[in-house]
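S.K.: Pulled the feature table from Swiss-Prot, pasting it below:
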type	residues	note
REPEAT	4-45	repeat 'WD 1'
REPEAT	48-87	repeat 'WD 2'
REPEAT	93-135	repeat 'WD 3'
REPEAT	180-218	repeat 'WD 5'
REPEAT	224-263	repeat 'WD 6'
REPEAT	270-306	repeat 'WD 7'
REPEAT	311-351	repeat 'WD 8'
REPEAT	358-408	repeat 'WD 9'
REPEAT	432-474	repeat 'WD 10'
REPEAT	480-518	repeat 'WD 11'
REPEAT	523-561	repeat 'WD 12'
REPEAT	566-604	repeat 'WD 13'
């Protein structure tokens, strides 16, 4: 293969305030599962940088769970589709697909023999279904709740019991198979968010928005106690997870804490305070082997430390909204990837280990549209919040003084030498020097979309929606229109100079990449055809001979300058999502980012 995936830095869980987030464990204890958009993300619990992504759902996926055998995963989406797929092969072949009801699937449970499956959620005519995994034949009826069912679990020992938790403040208890409704437990005074049997089936825990956790006998459904007396948490409880030996219970709450409960003593033995910000609310949790995980409203996954409850020993960070732009810094001998997302977050990643973090302080408040490095430890970014920011890469801290307010919304930014920066805004081109606006061109007869600066000559190329590249030159503190335009094949979406400055590559909305020769007075060198939809981004390899382009067709092409027919096609680079930006780490390693909020690295080999 001329290309292969080298690393996947996965997205965070997609979270919503006031809604429980399920992170599910692996029966073998190696991985954990969660969802974001149309993707199911499988991550290694020991080393979260190892990740696998499943993207075969046509709609947003809500929940995914391993079968107890470990060989299959069932995942459910907002349309009510349930897909059961193979975990043993990279292709994740589909085994079965069902539509138990029309509406959002909110939770899934398997029997311990991996033969029966229960699915609950927001159906139109019913809120749940339980059936054989291989034929879809019904093995009972889920009744007893009169509102949306949020949670379901099946006792993992015989005789089987099934329980559901609903927005009608009740849990429904079933015996089977075939599963028959026995009674409702109406102890909660608010929505029931989570119901879970202990591993040996002796106990059942239910957690609700009233801040209470009730324990029941797993076999009979009789109430045993309320954990912590009248209140287990000061806020709603979104998730509970049993310890492997069933003696303790982990709970996650909107009061920004997680707690470990000693079930026999009916008391909290450890309380983890995870912050004071609203984004520190805890929406999900998982106890697997010796690991205790919780999910914050920020999307961060916390590895809780029993010995130091005040501070998680690891926090998985990243993006959970679409990534719009990226750049790579190779200055200190190792590669750092910078990414900016739709919600204004900027992350920096160690390209080797996947360790990442965000800048401290208050940064952009809206989509980060474009970014570039100035070669002296500064990242320059522009955003839909109408600002241009200079962020110091050594302190990694946003400073309010380093923000430049624009008259209109900026779209793209490019850095030249000598402290010059050019940004294109809606109907405007702005020149900045040493963090100050020094010149602007307002009366344009075209809409500027993208910009690149030739590092040697200071020529500024501005790509327009009129299908042309307009050339300007920096002269002192002003921009001079050179009166020359280059014809692209459609509205320009991105442009980039080769590292040696000899060529300019231009992508356009008509799926073409056009390369112009700088030395020949910007004459057209060649055109490169292959994309099936609008091309979005272009980046040159350090070897000056190859360049990569990405598009809305989910594809990445690696082109050869001297021969348009010699190309490497990477279909489904980010399946079901636009590939929004790319950058080269070295001559054989390409990094791509996408609306799936993931960062991928590819090893590209040339013949």
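Yeah, the Cβs are placed from backbone N, Cα and C, and that goes for glycine too.
I'd like to know what surrounds each of these features in this structure.
M.R.: Same-chain residues lying 6+ beyond the ends of the repeat 'WD 1' (4-45) with a Cβ under 8 Å from its Cβ atoms: 51-55, 57-70, 73, 75, 77, 87, 107, 150-151, 193-194, 236, 238-239, 254, 278, 281, 283-286, 288-289, 291, 293, 295-301, 316-320, 349, 351, 354, 356, 576-577, 589, 595-603.
With a cut-off of 8 Å between Cβ atoms, the residues of this chain six or more beyond the repeat 'WD 2' (48-87) that come close are 7-10, 14, 22, 24-28, 33-35, 37-42, 93-114, 117, 119, 121, 123, 133, 156, 301, 314, 316, 353-355, 575-577, 596, 598.
Below 8 angstroms of C-beta separation, residues 22, 56, 62-65, 67-69, 71-72, 74-86, 141-143, 145, 147-154, 156-157, 160, 162, 164, 166, 176-177, 179 of the same chain, each at least six residues beyond the ends of the repeat 'WD 3' (93-135), sit close to that stretch.
Taken residue by residue, the repeat 'WD 5' (180-218) breaks down under DSSP into 0 helix, 23 strand, 16 coil.
The helix, strand and coil residue counts that DSSP assigns across the repeat 'WD 6' (224-263) are 0 helix, 21 strand, 19 coil.
Sequence-distant contacts of the repeat 'WD 7' (270-306) (same chain, at least 6 residues past either end, Cβ-Cβ under 8 Å): 12-15, 17, 19-26, 29, 32, 34, 45, 48, 235, 238-244, 248, 250-260, 312-318, 320.
As a summary of secondary structure, the repeat 'WD 8' (311-351) carries 0 helix, 21 strand, 20 coil according to DSSP.
In the repeat 'WD 9' (358-408), the DSSP tally of helix, strand and coil residues is 3 helix, 24 strand, 24 coil.
Away from its own ends, the repeat 'WD 10' (432-474) comes close to residues 388, 390, 402, 404, 407, 411-426, 480-482, 484-497, 501, 504, 506, 508, 516, 518, 522 of its chain (Cβ-Cβ under 8 Å, at least six residues beyond either end).
Sequence-distant contacts of the repeat 'WD 11' (480-518) (same chain, at least 6 residues past either end, Cβ-Cβ under 8 Å): 441, 449-457, 459, 461, 463-473, 524-540, 542, 544, 547, 549, 551, 553, 557, 559, 561.
When averaged over the repeat 'WD 12' (523-561), pLDDT in the model lands at 97.
If one looks beyond the repeat 'WD 13' (566-604) by at least 6 residues along the same chain, the residues whose Cβ comes under 8 Å of a Cβ in the stretch are 2-12, 36-39, 53, 55, 318-328, 330, 335, 337, 339, 341, 349, 351, 528, 530, 536-543, 546, 548-552, 554-560.
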S.K.: What parts of the chain pack near the repeat 'WD 12' (523-561), using Cβ distances under 8 Å and only residues at least 6 beyond its ends?
M.R.: 3, 486-487, 489, 493-500, 502-503, 505-517, 567-584, 586-587, 590, 592, 602, 604, 606
S.K.: Is it possible to list how many residues within the repeat 'WD 2' (48-87) are helical, extended or coil according to DSSP?
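M.R.: Going through the repeat 'WD 2' (48-87) residue by residue, I get 0 helix, 21 strand, 19 coil.
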